[in-house]
Amino acid sequence: MKMENQSVETDFVLSGLFHDGQMDTFLFVAIVILFSVALMGNIILVLLIHLDTRLHTPMYFLLSQLSFIDMMYISTTVPKMTTNFLTNSKIITFLGCEIQAFVFLTLGGTEALLLGFMSCDRYVAICHPLHYPVLMNKKNCWFMVTCAWTSSSINALVHALYVFQLPFCRSRIVNHFFCEVPSLLPLVCLDTSQYEHTILLSGPIILLLPFMAILASYACVLTVVFQMSSGKGQTKAVSPCSSHLTVASLFYMTTLSTYTRLHSFHFPEQDKAMAVFYTIITPLLNPVQPEE
């Protein structure tokens, strides 16, 4: 009995999206529908790219990697959240919380970097088409993907190991629907201001630099596109770029809003609303972007 009590004391409690119980049924149905559509959309896209040899190009290779990440990304948070709705048990174990935070940071960082690499693919394809086969060959594509996964994994591991060795001596109630590092810091009884500055440093590197690269590459793309004499060619080139830029902007702006502020400037309800965009909405929108 004593061991059980000690185990419970080390667990965390996720407050969820809303505190009002009347919202549970509607929210549960909405999230399940969005989750199912996003998951099926990304699975179908990965299968189509794998089965159709005409889609074995650098652009679609990167897109398949993005869809694979999105499948894992949305599956990291939504199943646990929907289970909490059904069971009314909002407890997550200490180890489960640590694993969720690590996987989420890894996938989020990889997606942020991969979106930047995808914009480079479009830049080379439109601005330097003659060099495209050399610059975007299979070896370079795998190198970009490997760099994204490796750097994000290392970054996530460092943050997860550090945060979860801190003493959580306050309430174990996490005011969020999943274990995210910024939402855990208010539970620590030590001064975390110095550590938060490392988040403010790593956040811009993982998030802001790729976003700036996207903006710069698309500025060059638009310059080239509007010099085209063919209106049809302009439309064909701008359509996928504008779609990719819209989804990328949604992802980067919401994540930057969360990871570039000290926890004293965080508002839980605002953080949860922002998190919905980069955990559910973005994986839902990525598969429907026009690519040609």
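Note: Cβ is positioned from N, Cα and C throughout, glycine not excepted.
TrEMBL labels come from automatic prediction, so no person has curated them.
Taken from TrEMBL, the feature transmembrane segment applies to 26-48 (among others).
The domain 'G-protein coupled receptors family 1 profile' annotation in TrEMBL covers 41-290.
Non-local neighbours of the transmembrane segment (60-79) in the same chain are 31, 35, 38-39, 42-43, 45-46, 49-50, 100, 103-104, 107-108, 110-111, 114-115, 117-118, 121, 138, 141, 144-145, 177-178, 279-280, 282-284, 286-287, 291; each lies 6+ residues outside the stretch with a CB under 8 Å from one of its CB atoms. Feature annotation from TrEMBL assigns transmembrane segment to 60-79 (among others).
Through the fold, the transmembrane segment (99-120) approaches residues 59, 62-63, 65-66, 69-70, 72-73, 76-77, 80, 92, 144-145, 147-149, 151-153, 155-157, 159-160, 163-164, 178-181, 184, 206-207, 209-211, 213-214, 217-218, 244-245, 248, 251-252, 255, 278, 282 of its own chain, all at least 6 residues removed from its boundaries and within a Cβ separation under 8 Å. Summarising the annotation, TrEMBL assigns transmembrane segment to 99-120 (among others).
According to TrEMBL, the transmembrane segment annotation covers 141-164 (among others). Long-range neighbours of the transmembrane segment (141-164) within the same chain, counting only residues 6 or more positions beyond its ends whose Cβ lies under 8 Å from a Cβ of the stretch, are 58, 61-62, 65, 94, 97-98, 101-110, 112-114, 117, 181, 184-185, 188, 195, 199, 202, 206.
Only residues 6 or more beyond the boundaries of the transmembrane segment (205-226), in the same chain, are considered here, and those with a CB under 8 A from a CB of the stretch are 109, 112-113, 115-117, 119-120, 122-123, 126-127, 151-152, 155, 233-234, 237-238, 241, 245, 248-249, 252, 255-256, 259-260. Per TrEMBL, the feature transmembrane segment maps to 205-226 (among others).
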